[in-house]
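Some features that TrEMBL has for this protein:
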| type | residues | note |
| --- | --- | --- |
| REPEAT | 69-103 | repeat 'PPR' |
| REPEAT | 170-204 | repeat 'PPR' |
| REPEAT | 232-266 | repeat 'PPR' |
| REPEAT | 333-367 | repeat 'PPR' |
| REPEAT | 368-403 | repeat 'PPR' |
Amino acid sequence: MSVYFPQPPILSFTEMATSISEVHQAHAHMLKTGLIHHPFAASRLLSSAATATATPYAHSIFSHIQDRNPYIYNTMIRAYATSPTPENAITVYTQMMDDFVVPDKYTLTFVLKACSRIRGIEEGKQVHAHAVKSGVGSDVYAGNTLIHLYANCGYFEIAREILDKMPHRDVISWNAILSAYADMGLVELAREVFNEMPERNVESWNFMVSGYAGVGLVEEARGVFDEMPVKDVVSWDVMIAGYAQVSRFGDILVLFEEMQNANVKPDSCTLVNILSACAHLGALSQGECVHAYAEKNRIDVSGSLATAFVDMYSKCGCIEKALEVFHSTFKKDVSTWNSMIAGLSIHGFGEHALEIFSEMVRMGFEPNEVTFTSVLSACSCSGLLKEGREVFDLMIRVHGIQPSVEHYGCMVDLLGHFGLFEEVEELVRSMPVKESPVVWESLLGACRNHGNIEMAERVARKILELNPEGSSDYVQLSNIHASIGK
């Protein structure tokens, strides 16, 4: 006679835990009661920790489980396979083999996914051999993952061979090789597979639209898009992104209107691309409509979406509105700060840009090359000589960023504005980066503004050395001569 043991309440709690703090509470209780030593209880805790996307914490639980069964290994491998460190899934799989725990079809599918993500073809081949040896290779899920692995690593013939030999194929099997062709820009091969498919789903169509758009063939992409029997939000996003890639911003706004008429709800990705189009076109009213839509639908304006709003308002001339969005954004990233600094720079608010930069550093954000380009540009546009020198030094000495051509260009503009030609020439000649005509042209412009014909002639000769085909520099030098009567 079997005896029924009711599930302890704490196990139900681990299954319901939706945050890592709740998992911590369950873990503490299990340690206190000794339930952590029960294999089933430990496996449930591990599963909760893994789904809470806290793989280091999940691994600490995993390492303290003594009797690990396939389910426990699979849970840890799956967590790593979808994490930022998929290579750790392979390490756990190796440990599983060393512990003589027999993998099942789920194990191999998870490990193959990890191999595909890191393009680990050699590791993938070993797992493939294990799959064939264990008889799992004929499973449709394992087969689909194998196709994706080989295709993703460029082994298309092997991927196709696996597809052709599969006893049972589904649309995912075909999509695995189709998506790889599309991702690598092999659109003709992708089209052949697409035409050959016995059935297609919306993802199949999306892969074709994405493939054509990715290589700039937006007319072909639009042709496939218009033929789609069913579209989802990804379909619209991919087509909009394709137009953005070739700077057809007007078409983006038209397509967005069609999307709204089709009653398809846009996501953050959609709105970012729409706002970018508004920014390029100066379409403030459409941008404001997007903002109103986001507020009405309580869309979280943070990260890339917040950056897009700041950029749109800045480029449309509404710097106050850009600042309003910026200051109301709770979750900022480096790009959000960069966009606000760049906006203030464009509008000539150099001192305010420096204040935002100081706040950024104070809040613990690490400025990058783009940040310093915007800050130095702000100093140049506003004539902040002392501050510009300090920022340039800070970039190199404190943040360890070697100046790029853009950074040198900003400094040349700034120093040239004050007529500090000797310092400018010394700076340009000391550039460790490859000499660029752009920087020397900035210096030539400063010479023109200050009528420094002697240096202008030297600079023009240098530019012509770097760019013998350039004719505009002769014109600029002639203009300098004319302006001072020579």
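Glycine residues also receive a Cβ, built from the backbone N, Cα and C atoms like all the rest.
Looking at the repeat 'PPR' (368-403) alone, the prediction's average pLDDT is 95.
Under DSSP, residues within the repeat 'PPR' (69-103) fall into helix, strand and coil as 24 helix, 0 strand, 11 coil.
Note on the repeat 'PPR' (333-367): DSSP counts are 26 helix, 0 strand, 9 coil. Secondary structure of the repeat 'PPR' (232-266), assigned with DSSP and counted as helix (H, G, I), strand (E, B) and coil, comes to 26 helix, 0 strand, 9 coil.
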